[in-house]
């Protein structure tokens, strides 16, 4: 067929079909197995549940010892300067603090569930402490 000269025509207002980008075309043309394998991801919540089970099974302390010791010494200085602590006293304090926090978070979670939520919020912790009689 012979080539003919094109003449300019008035546009009818319709959109012209867009050309695909080179990268998109290359991606479609490339075989699925030849590309880079993306890393495996667990569904949201799976890892959180695994961590919950792991920490419920364990008995080790979760707060690091030295930062906790520094905090205890800093708080104790407000009451009396030059206080000394036995290491067993710091250990007993840490055990008690962690037991209290775990119990508080359990009650906080129950308050969130009571509010038909799965995410704990500050108001849940305030309610838990209020019900315990710790704070008016």
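Cβ from N, Cα, C; glycine included.
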Problem - Annotated residue, N6-methyllysine, per Swiss-Prot; candidates 10, 116 - result: 10
Problem - In Swiss-Prot, the member of 37, 123 to which N6,N6-dimethyllysine is assigned - result: 37
Handout entry: Alpha-carbon distance [residue 5 (N6,N6-dimethyllysine); residue 37 (N6,N6-dimethyllysine)] in Å
Key = 50
Practice task
Round to the nearest Å and give the CA-to-CA distance linking residue 80 (N6,N6-dimethyllysine) with residue 57 (N6-acetyllysine).
Solution key: 39
Practice task
Measuring Cα to Cα, tell me the gap between residue 57 (N6-acetyllysine) and residue 5 (N6,N6-dimethyllysine) in whole angstrom.
Solution key: 82
Handout entry: Neighbour tally for residue 37 (N6,N6-dimethyllysine), based on other Cβ positions within 10 Å of its Cβ
Key = 6
Handout entry: The one of 5, 57, 80 whose CB sees the fewest other CB atoms within 10 Å, among these modified residues
Key = 5
